[in-house]
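Novice: Let me give you the structure first, and then I'll get to my questions.
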Amino acid sequence: MKNLILAIESSCDDSSIAIIDKNTLECKFHKKISQELEHSIYGGVVPELAARLHSEALPKILKQSKKYFKNLCAIAVTNEPGLSVSLLGGISMAKTLASALNLPLIPINHLKGHIYSLFLEEKISLDRGILLVSGGHTMVLYLKDDANLELLASTNDDSFGESFDKVAKMMNLGYPGGVIIENLAKNAKLKNISFNTPLKHSKELAFSFSGLKNAVRLEILKHENLNEDTKAEIAYAFENTACDHIMDKLEKIFNLYKFKNFGVVGGASANLNLRSRLQNLCQKYNANLKLAPLKFCSDNALMIARAAVDAYEKKEFVSIEEDILSPKNKNFSRI
């Protein structure tokens, strides 16, 4: 019975392939190879290196999934947004597979995929607010009951996750910065350093991390010898201020929209400080909080496969001749 969908994710620095049963939503296969170690010496993702590593990793993963090929009914792939050279690797493989196996091709928006990480084993439920925080995006969305997406707030500059990466790089801590800063902050012995919360007195529903990032840079310059205790203190102050900023704007949004259901997705949503605060916020406003599983917060092909199940039912197929590569976020108005 041909009831399986194979999905490929390669939008940034994770090479991943998943296979899902479109009828039961059972994950039949999922494998991810991260490039974090290779990029860590540069303090961030190097696009050309990412592309080369995808070209090595994706075929290795695909080979492990071959036993499911006879039961495939479609091929899905992340086509937007992301690094062009990274996306291209996944798209090329998906088109080759779709052509060779004579299967329909389904392009999936990466951010939609993150939303589906809330519903990996269940039908998607609408009418909810969503916070998406990752290395490339910070936004609050309203997923309406007609499946339309309304953008309520986004960042004016850096993303939440990106700011962690950049602060980690300033202190020569490595990459990715999220977990490094979070763990370092737990070791803070002194808590005398503080930063102003961005846009605290602004009514604008938007995020901005560039000013906070610069404040951290100036604080670092005050110290001739940046020892581990000072690094931990800076990490603590930065993490808490970044979370303060997210919660400050979310509080304003909750007051306006009175959400009964709220979801949190994206790689940076794995931050435990942020998760704890979100739980408190939703308790305060009597909203049901749904968090993406920690294992599937970061980029993965299973969320792409899950999104593809619904896209398959709607017959959202494209020709393999069509140019579907889009580094920018074009198709993101509906689920």
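Using N, Cα and C of the backbone, Cβ positions are placed for all residues, glycine too.
Okay, these came from Swiss-Prot:
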- H110, H114, D299: Fe cation binding site (BINDING)
- L132, V133, S134, G135, G136, D165, G178, N271: substrate binding site (BINDING)
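Give me the local environment of each listed feature.
Specialist: Counting Cβ atoms from all protein chains shown, H114 (Fe cation binding site) has 28 others lying within 10 Å of its own Cβ.
In three-state terms derived from DSSP, D165 (substrate binding site) belongs to a helical segment.
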Novice: Measuring Cα to Cα, how many Å separate H110 (Fe cation binding site) from L132 (substrate binding site)?
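Specialist: Taking the Cα atoms only, H110 (Fe cation binding site) lies 12 Å from L132 (substrate binding site).
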Novice: Cβ within 8 Å of the Fe cation site's Cβ centroid: which residues qualify beyond H110, H114, D299?
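Specialist: Those within range, site residues removed, are E9, S11, T78, L111, G113, S117, S134, G266, G267, N300, M303, I304.
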Novice: For H110 (Fe cation binding site), list the number of other Cβ atoms lying within 10 Å of its Cβ atom.
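Specialist: So the number of other Cβ atoms within 10 Å of H110 (Fe cation binding site) is 25.
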Novice: So how many other Cβ atoms are close to N271 (substrate binding site), meaning within 10 Å of its Cβ?
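Specialist: A count of 25.
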Novice: Under DSSP, is V133 (substrate binding site) part of a helix or a strand, or is it coil?
Specialist: strand
